[in-house]
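What Swiss-Prot annotates here:
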TRANSMEM  1-21  transmembrane segment
TRANSMEM  29-49  transmembrane segment
TRANSMEM  62-82  transmembrane segment
REGION    84-103  region 'Disordered'
COMPBIAS  88-103  compositional bias 'Basic and acidic residues'
Amino acid sequence: MIVPLSHVLAVAALLFAVGGVMAAARRSILLILIGVEFMLAAAGLAFAGAGLAWNNLDGQAAVIIIMGLASAEAGLGLALLVHGRRGGGTDRADSYDRLGEES
């Protein structure tokens, strides 16, 4: 049994909204990264569902690209978090406005 496209898009929209709220409302850089990952997963779900509904492999190709983008985002974000924590800082997002300055 194939799930209807409207159901897949509704779940993707809900997942995207949860990720957007999490990324916008949180102060911790780790929780912001998790919110962005939710949003990327929602986009991948929408692409995969649309590809399945229209019998097209472009949706699966887009999911592979999104997975690569998500892994690059996670790597850069966690490197930023480790860099900030090693400098005696915190994981709060508002403390990252002065990374380039010498203090």
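Placed from the backbone N, Cα and C atoms, the Cβ positions cover glycine too.
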Task: Would you mind listing the long-range same-chain contacts of the transmembrane segment (29-49), meaning Cβ under 8 Å and 6+ residues beyond its ends?
output: 3, 5, 8-9, 11-13, 15-16, 18-23, 58-60, 62-63, 66-67, 69-70, 73-74, 77-78, 80-81, 84, 91-93, 96
- line: In the same chain, residues at least 6 away from the ends of the transmembrane segment (62-82) whose Cβ sits under 8 Å of its Cβ atoms read 29-30, 33, 36-37, 40-41, 43-44, 47-48, 51, 91, 96
